[in-house]
Amino acid sequence: MWLLYLLVPAMFCRAGGSIPIPQKLFGEVTSPLFPKPYPNNFETTTVITVPTGYRVKLVFQQFDLEPSEGCFYDYVKISADKKSLGRFCGQLGSPLGNPPGKKEFMSQGNKMLLTFHTDFSNEENGTIMFYKGFLAYYQAVDLDECASQSKSGEEDPQPQCQHLCHNYVGGYFCSCLPGYELQKDRHSCQAECSSELYTEASGYISSLEYPRSYPPDLRCNYSIRVERGLTLHLKFLEPFEIDDHQQVHCPYDQLQIYANGKNIGEFCGKQRPPDLDTSSNAVDLLFFTDESGDSRGWNLRYTTEIIKCPQPKTLDEFTIIQNLQPQYQFRDYFIATCKQGYQLIEGNQVLHSFTAVCQDDGTWHRAMPRCKIKDCGQPRNLPNGAFRYTTTMGVNTYKARIQYYCHKPYYKMQTRAGSRESEQGVYTCTAQGIWKNEQKGEKIPRCLPVCGKPVNPVEQRQRIIGGQKAKMGNFPWQVFTNIHGRGGGALLGDRWILTAAHTLYPKEHEAQTNASLDVFLGHTNVEELMKLGNHPIRRVSVHPDYRQDESHNFEGDIALLELENSVTLGPNLLPICLPDNETFYDLGLMGYVSGFGVMEEKIAHDLRFVRLPVANPQACETWLRGKNRMDVFSQNMFCAGHPSLKQDACQGDSGGVFAVRDPNTDRWVATGIVSWGIGCSRGYGFYTKVLNYVDWIKKEMEEED
């Protein structure tokens, strides 16, 4: 609390001037020497100041001055804002004077003057009186400039706000009506509507001062920008009034409307424009006025609606729109598929799926595709077979059917147990665009070689030595080899050669792995065989029991040659079958041995054959011992022929097979392989018993299938 004293000169002589009080928000003012009697013949003015934006409020707490008529002798005078607020003296209850009591004195500005005046004495009827003086408190009170500026009677009023005034404790500020801009003086306003932006989904827009007359010289731009996918609708309200001319369209003032940068209307006059569907989320309203006019302007309400896309329509009867909706709007989508057996096509590209999305401009983001019938393409070629259409020839589309078949009688279709060849070969073009069989799926059938069925089986009974030439097709499995000299073999399947191991690794030679392997098939004449060409070998497999270094032991004399490429079977090239039971080795059973070996001590140029009986093993064993031979004759061998016969296999026939016709199946079986003997036409011949090696043969062949 500031205690402010009016200082008195030492001699209490009359004093003049003013005493400023430091600017504070509150304080007190007293007479000199208060509460002791104040001096005579004294006058001074106390200047009370509070911060700008506040008023001064003064209240006397104690007041005791010499009373007089009209407060002529001693008095306190209060003034503010260049006006007197009164002259006061006396005490509360005195018959003379004018005490202030508890009255509140208020300035309009931030200053108040308190003048204290005393005369030369304080006597009453010759008696000296003592008066205490006064004690007053002041405080800063908020000044409502906005209220005071409406009272323009002051000589120096505050600058007025042109439009709106806003008071706050200690000050005020000005603002402008919509469409106007506060100027640098912070009080005056100027019309400004060149860049008004509206982003709400709905609202009202009007000219300045609507419905009062709009200001002159306006260049207004009202922009409405809403979210993508919304379209704006404009509805003008009454009254609508823009200066016009009867003969010239909108020469003075005009309202122009643009949607997406395109002018969709220019309006003036008193006729309200029609409701506008802009089909856009961006609209600009340009309002221009000249320097004169007294029209009320315009007012509109804008609303938004989600933009809609046209109903999707298919291009053909095979396209399906899933869950078709009655209406599609922004961000909605539809999925198109095809009926079974058809596929989506966009341009020339095949689609696995199709989705179209409604865009913010009311269009679909991609065009409707079409559906094209699934095409399975050309059926795969069947090796050693072919196919025929059971539906329209050459048509490979959905539901087309083909029948695969094998080239008979040389091949037959591989079938599952209990199924027919006709079922195995039927393939249908499926809805997935793939040729399929009900049992095998996508995998095409397999044509297997037919074994042991020559189209021209042998009928003659002549023998190799003393016999005649074989005819084409008599022994279509016959193989001519030239490895370490002439040899033979038999075709198994369409890429395997069955032969004797000793033709690859002769007993009288050291083991060789780099010998040339020349193999010929498909003819009965050596020269013609050479013309047909050699068949490259992919792999050689010799039975592990074969021992090249044991000259008198032909145990395991069996080998397989895998051709690099499968051969194409025909009347002169067919495989022979493998045995499956012991009856093929019954005593006396007749078999045929064919070959390109020595004939009457001459090399044969044509294939020849001999018919021999299966001999008694004991007789063969006895015959061998009579020759003082130590050759091994095991259970994996059998013998054929007879010492009394002058026919036998000879050099160059090794590796060929002992072929027997199975009367039950009418198929030819390779029961033995020409292995060893003593000379030519000098007794029995010895053969590898193929039945004992069938498991090994099948295992070797299956490893490569």
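Each Cβ is built from the backbone N, Cα and C atoms, and glycine gets one as well.
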Additional site residue, ASP81, ASP119 [criterion: listed by Swiss-Prot with GLU66, ASP74 for Ca(2+) 1]: ASP119
CYS371, CYS447, CYS451 - which one Swiss-Prot pairs with CYS406 by disulfide: CYS447
Disulfide-linked residue for CYS165, taking Swiss-Prot as the record, within CYS146, CYS189: CYS146
Same-site residue for Ca(2+) 3 (record: Swiss-Prot; known: ASP253, ASP290, ASP294; options: ASP243, ASP244, ASP284): ASP243
Disulfide-bonded cysteine for CYS176 as listed in Swiss-Prot, from CYS161, CYS189: CYS189
Residue among CYS268, CYS338, CYS358 that, according to Swiss-Prot, closes a disulfide with CYS309: CYS358
Record Swiss-Prot, residue CYS376, disulfide partner from CYS338, CYS429, CYS451: CYS429
For the Ca(2+) 2 site built from ASP142, LEU143, GLU145, ASN167, TYR168, GLY171, further residues of that chain with CB within 8 A of the site's CB center: GLY53, ASP144, CYS146, VAL169, GLY170, TYR172
Stretch-averaged pLDDT - the domain 'Peptidase S1' (464-702): 89
Listed stretch, out of 18-141, 193-305, 464-702, that has the most CB pairs under 8 angstroms to the domain 'Sushi 2' (374-449): 464-702
Three-class DSSP secondary structure - TYR168 (Ca(2+) 2 binding site): strand
Intrachain C-beta neighbours of ASN167 (Ca(2+) 2 binding site), sequence separation six or more, cut-off 8 angstroms: ASP142, ASP144, GLU145, CYS146, ALA147
Secondary structure composition of the domain 'CUB 2' (193-305) [DSSP: H/G/I, E/B, coil]: 0 helix, 58 strand, 55 coil
Least Cβ-crowded entry, counting other Cβ within 10 Å, from the glycosylation sites listed as ASN221, ASN581: ASN581
Secondary structure content of the domain 'Sushi 2' (374-449), with strand meaning DSSP E or B: 4 helix, 27 strand, 45 coil
Least buried by Cβ count (within 10 Å) of the binding-site residues ASP142, GLU145: ASP142
